[in-house]
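Visitor: I am attaching a structure below and will ask some questions about it afterwards.
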Amino acid sequence: MRRYLLLDDNEAFAENLAEILRDGGDDATVVTDGARALSLASSRRYDALLTDMKMPGMTGAEAVHHIRQVDPGLAVVVITAYPGEEELETARREGLLAVLPKPVPIPSLMSLLSRARRDGVVLLIEDDPSLGDTLSEELRVRGFSCVTARSAQEAEHLARVRPFAAVVDPRPPGGPEGEALRLLRASYPRLPVFVLTAPPEEGAPGASRRDTSVVSASTDTPALLDALERAHDSR
């Protein structure tokens, strides 16, 4: 049985969703304000948080930020009718499993939650939007949450994120070759890192450590995902 925390100021909507989860054999707790959600997350272990964004008082993004301080391994699914709002972009920087619309597609949500991983945040540093989006989606399908940086400068501002692994393009713009990997190592000295190259290059900058693997961004995506699953399962 999985345990879910639902945060939405529309209590009727949240209770309806909770009932669907309970019918599937899971436990679901509904709260209507961020402070109560934070209190519960501080005292109980949940498998995932399902939250709205636009709420009075503490916003969804603020709730995600504070809850991640007490439970950094919690998977987060945002369910919102306003996918373009600034609050959502703030929440994305915390590492989300998915963003779903209202009304929520129940089959998609149930499939997603069945694969959701605690402590499953992957840090992705990749400047190619197409490749970054593709990898993010592949990670989501495997139950991982993804937080993305497009440059070395963006990577510097990710120290509050607590990933279990990183996938890195060693040559994103905004710094010398290997700068993103150097900054990553400064913030997360023991983090398993997978360096993206195309084609595979054993001499990729900064990839000489034993906890660093080199994979081809164009051909080895399944192998990368399998390796991330092994790294997650071995923790």
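Please read every residue number as a count from 1 along the shown chain.
Note that Cβ sites are derived from N, Cα and C of the backbone, with glycine treated the same way.
When I checked TrEMBL for this same protein, it listed these features:
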- 3-117: domain 'Response regulatory' (DOMAIN)
- 121-232: domain 'Response regulatory' (DOMAIN)
- Asp52: 4-aspartylphosphate (MOD_RES)
- Asp169: 4-aspartylphosphate (MOD_RES)
- 198-235: region 'Disordered' (REGION)
Visitor: Including all protein chains shown, what's the count of other C-beta atoms within 10 A of the C-beta of Asp52 (4-aspartylphosphate)?
Guide: 23
Visitor: Which whole-number value in Å describes the distance between the Cα atoms of Asp169 (4-aspartylphosphate) and Asp52 (4-aspartylphosphate)?
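Guide: Roughly 32 Å, rounded to the nearest whole number.
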Visitor: Around the C-beta of Asp169 (4-aspartylphosphate), how many further C-beta atoms are within 10 angstroms, looking at every protein chain?
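Guide: There are 24 such Cβ atoms around Asp169 (4-aspartylphosphate).
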Visitor: Going by DSSP, give the three-state secondary structure for Asp52 (4-aspartylphosphate).
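Guide: In the DSSP reduction, Asp52 (4-aspartylphosphate) maps to coil.
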